[in-house]
Amino acid sequence: MPRTLTRMPPMPRIRRGTLRAPGADLRKLPVGLDLTGISIAEGLRAAVASGAVLVANIWVQSPALLFVAFAANLTCFCDVGGALRDRVPALLTFTLLAAVLWSGLGLLHGFGLPLLLPLSGLVVFCNSMARVWGARAMAVGNVLTVVLALAVDRAIPPAEAGVLFVAFLVGGAWAVLMTVGIWRIHPERAGSRLVAQNWRLLAAFARDLGDLLAPADPAGPGAGKGRSLGRAEFEAHARAHRRALRDALEETRGVLLTVARPQGLAGSVVARNLLAVEDQDRIFGALIALSDTLEHAEDPATTGAARRLLRRLRPLLDLAARPEGRRERGIEPALGRLVAAAAGHPALGDLAAVLADRLRIADRLRAEDAGLALPDPAPPRGAGLDAWTAPLRANLTWSSAILRHAVRAAVLTVAAVAVSLTWWSVYAHWLTITVALTMQPYFAATWQRALERIGGTLLGALLGGLLAFFPQTPLVDSLLMVPLSVIGFSVRQVSYGAYIACLTPLVVILFDVAEPGHAEWLIATMRTLYTVGGGVAAVLACTLLWPSWEPDRTARGLADALRAHAGYAAAVFAARAGSDDPAALEAARRAAGVASNNLEASLSRALQEPGRAHRQTLEATMAADAGLRRLGGALLTLQHDTRAGEGLADGGWEAWSRWVPEALDRLADAAGSRPAGPPPAPPSGTLARVGRVVEVLGDIVSERGPALAASATATAGRGGR
């Protein structure tokens, strides 16, 4: 009989998410502070790149040298880190394009609005389309838009334009030199930091899972027993940790493979880190399987054993996050106690053995005495021109959210430029900058960016106003640039709001250096007013001008996630049937995790959009997303459960290996079509649990089938948007 779809229970209270770890509640904007993103080295490099030139300018008193400092500062803005072979070309490209753009627009200023407006629109359109090539190109495009807003502000005589062009090239080259030689940040160290952060995320996963199993108050009526847990607690735990961990593991892989290509692998830190990531991914899988086992455990003894296992696992994961040179002795006794905690509980024993084996490998890697081998061959870099043209061609359609965003950004930026030039003010370029940098392809992202930019500017303006109490001299301003640059650039990855709050006082000082004679409180006030106006305009434009609403894409994301889990299920059954291809199994598991992450990201954006017309469909999709997370855990348990096939009739395993992938593919291809019932299986085994989850997914999709099918069909017809 079909199950009745019930409304999801309320989420437990979870702390505010961040961009790196969005958290369990998809309805909340991820605007929390990620303190692990602080980078003092980045702040110091940016401060020296511009501050040293400003200090030198105190004695030289040259406008050209002042512009060199400004160019170096802007070049630091578009450096998003990573391998030098990727960073340096991007920074040099920005330097050349910005020098041409600033001097060229200054020369063309005399032709007036009929030329400047269409040219500005074309430049902003190209800058906005740059995001098709990733975060690095997007950063370059964003800062080039800032250059445009500043460049159209005033006319420049030909002689001054030539000096400005050379000065910008010198400033950009100085910032690149700081990156490459004088203040080089070794890319392999970034990979090591990411690996250590992954270990801490795994430890947090284990800690919070153990907290779910914490015994009741000893003085209460449930003394000596575990708490009564429902699906809501495990779903909240899964959303709070799985998405963040999967994203972190994939990001670490990408960074390490990028670094590995020019450096080679044999005997390198990069190779050890690549092996460590594979180790972390297997531990991640075992922890998901453990969570799935505990969600369905009915024996209090199993829960108690799992609590002891997790208590002994957490310090081992914390130990793995420590630097290589601090290897501790005696890990084998600790691993023995870990395995002993699961003794007598078959459901936990296999998982404990996997965890112990993987932690043993991690210990050997930390000791730098393991034979090294690349776990997966580094994928080749894109072949020539096609690597650049393929992403662009894929988005040159009106169904592309990025193309519509680029057109929207161009239209609104042209309007902002027209306003700032018609009613000119020395502060007016902040309107153009805010409009261009606040607007994002999706409403939810634009809304979040507007809130963070406005809130950060208000806080930063208060701090900037306090600078009025310092003596107004070039030396004081130049010296203030150093700590403000260190603080501003150091928190760039903490949160956008914190970044803007720390950046605003720096902008106040830069403005005072470039345009002396303005009171700090007036600069801060005008920046706040223009930022609020630009943020409101960006949100309205994202709502009214060719909006990209999320519910349609969410339906398509659900279909993609169902297909990815069908592939993972097929790989699990093939592996249990004797297929010797562990790489294919791990690739399928990763693909299923990434698909679930994409679905949750889309759901989060949809839930933050205005209106309630799609709420029922989104609730059904949220239930399906929770079911897919549960299915992923059950498949991981099946992957490690050596007794899963016990009690099956002849041909039963083959029947299950066909039914699960086919049922999921059927749900993905024809929303609303419930699959046939599962083959026979022992009622309390892992296979039966897999079957129940697939049936629940079928009920969810079929009950909300017409709406899901309509959304998926509309999305497919528009190319996925």
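Positions of Cβ are set from backbone N, Cα and C atoms, glycine also.
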Correct range for transmembrane segment (source TrEMBL, candidates 116-134, 496-514): 496-514
Cβ-Cβ under 8 Å with the transmembrane segment (58-76): same-chain residues at least 6 beyond its ends: 45-46, 49-51, 91, 94-95, 98-99, 143, 146-147, 163-164, 166-172, 174-176, 178, 474-475, 478, 485, 489, 510, 513-514
Per Cβ pairs under 8 Å, the stretch of 88-105, 162-183, 526-546 packing most closely against the transmembrane segment (137-156): 88-105
The transmembrane segment (162-183) vs the transmembrane segment (526-546): 3 or more CB pairs under 8 Å: no
